[in-house]
Amino acid sequence: MTLDTIALILLGGVVLGALYALMATGLALVWTTLGIFNFAHGTFIALGAYIAWQIASTDAFGAGFVVGSLVSVIGMFLIGTAVYYLLIKPFERSPDIVVKSVITTLAGATILENLINIAWGPRNKQLGAVLTGDIQIIGLVISRNEAAAVAVSLLILAALGIFLQRAPLGRAMRAVAQNREAAQLMGIDVVRLYAVAFGLSAALAAIAGILIGSIRFMNPLMGSDPLMKALIVVIFGGIARFTGPIYAAFIVGLLEAFMTYAVGLYWSPTVLFVIMIVVLVAKPEGLFGKHRKSV
Amino acid sequence: MTQPLLLDVRGLDGGYEPLQIFRKIDLQLAQGGAVGLFGPNGHGKTTFLRTLSGIIDPWDGNIFFEGVQLNRPGPRGSRRWRNFNYDAVTRRRMDAKAVARAGLIHVPQGNLLFPDMTVAETLSIAPYASSGRASASERLDYVFHLFPRVKERRTSKIRFLSGGERQMVAIGVGLMAAPKLLILDEPTLGLSPKLRGELSEAILTIRQSGVPLIVVDQDIAFLESLIDVLYLFDHGRISRRIEKADMPTHEEIMKLMFGEDHQ
């Protein structure tokens, strides 16, 4: 293993990690505020990418990448809130909402996936690189496009972190996550806040989808593998802190990159799962977890 | 009628389906007044207050706050509809958010607040309910003046606070919301006598500043210093309404509630 290979693997791992961090944070946002797991998150990723493609690609409307991304992010925010009202709100106060929402979000994922299939077909598409050429960072060559993807992910995560810490709406979101009833008594509109959290999570999924579509390619099932990884990240990192899944995402990304090099693409998920189980047995709250859930 | 009552509860029924917890509650509170609720544990006081603030739906009866009806009028739907998913099929009959924003602020019993948020962050959320009735910084100064301890601990997370400090923050949160009527559900429950005294004094100060109150407590002497009217709560009903003038002693209350001497 030469130094160059290690550098390449590291870079690949960082890119993967940034994408996983975006997806995992979206998942964790819903998990911590609503207390449910959204199995449609992977399909949100695909749908976001396809909406952006439809608006941006020269094969379709050809409005350009920026317009396409904006429409996709805003559109996915609205679709996310709609999914909340249709699939989750009806079970708002039922004690087994976790079980019911597993089924309803799985159903939603399947329906959306088939709609994508009907609308855009199963063949691979590419959103196309936004930036071309390479740049050098401390002697490492990385494509501008991938560097931009990492930068965008980190910026968005930082913005989200500041929003949750400082903005009144973000604070209200954390409050609802920690004590729904007390939040209600303070005049917070819990249902609307849940809808906003779900919409934000879907918008994050759309951004992840757009970045994947731009540095790799897209198909209707593109979200299922990242969803699995994001699930690992969320469980691996714990959700006690906003930053838990982010660190874990980079660890999982780097691990995956090294595994792919060491044991090949075929075996790397197996090894990842083994590591995850070992971590969970040793520390059930996750690597960075504490005993209680909060954003 | 010159001025509408601050709070007018008429024939309120409620509970947790299928169990009715309280029935036919009538409770009136004049502008600027304060009432106390007194009764044994498990007789529905807290459930009644939770209904009043819209956490659970009333079954029947009406709640008027400053002459405005807070609940959807009429009894709830027929039994057939109640068998279906309440949240999908039936419209909520009361809205906790609207109640809080109208100025009826409920500080619940044994409030756990938000364990992983700091005191300052918790206090900064409360103005959601005040909806522009008061400036947040003025209210904050008032809360810090009333509870210097809260000011000292403002950067600590709620879960590191003691029970007494937590109760102070809970009341502080209620005050941040600029209440037109403050409901305190057993504010001194489970506190040491020293803290209880401190907290009682603060509540008395709040009362003297003119905030109308509904207070639940087991300490008749404390209630007497605070309120104009005492309602005795017994088996989910209000069994007696007592004016301040003929407020009974603890022994008399015991006799009223249990019908024998408890010396």
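These residue numbers are counts, starting from 1, taken along the chain as shown.
Glycine residues also receive a Cβ, built from the backbone N, Cα and C atoms like all the rest.
Automatic prediction, not curation, is the source of TrEMBL annotations.
Annotation source TrEMBL lists transmembrane segment at A:6-29, A:36-56, A:62-87, A:147-164, A:193-218, A:230-255, A:261-282.
The transmembrane segment (A:230-255) is not in contact with the transmembrane segment (A:62-87), judged by fewer than 3 CB-CB distances under 8 Å for residue pairs 6 or more apart in sequence. Sequence-distant contacts of the transmembrane segment (A:193-218) (same chain, at least 6 residues past either end, Cβ-Cβ under 8 Å): 15, 19, 22-23, 25-27, 29-30, 33-34, 38, 41, 44-53, 65, 68-69, 72-81, 83-85, 88-89, 124-130, 143, 145-146, 149, 152-153, 156, 160, 169, 172-173, 176, 183, 226. Long-range contacts of the transmembrane segment (A:6-29) within its own chain (CB-CB distance under 8 A, at least 6 residues past either end) are made by residues 37-38, 41, 44-45, 140, 142, 146, 149-150, 153-154, 156-157, 160, 197, 200-202, 204-205, 207-208, 211-212, 215, 226-227, 229-231, 233-234, 237, 239, 242, 244-246, 248-258, 261, 295.
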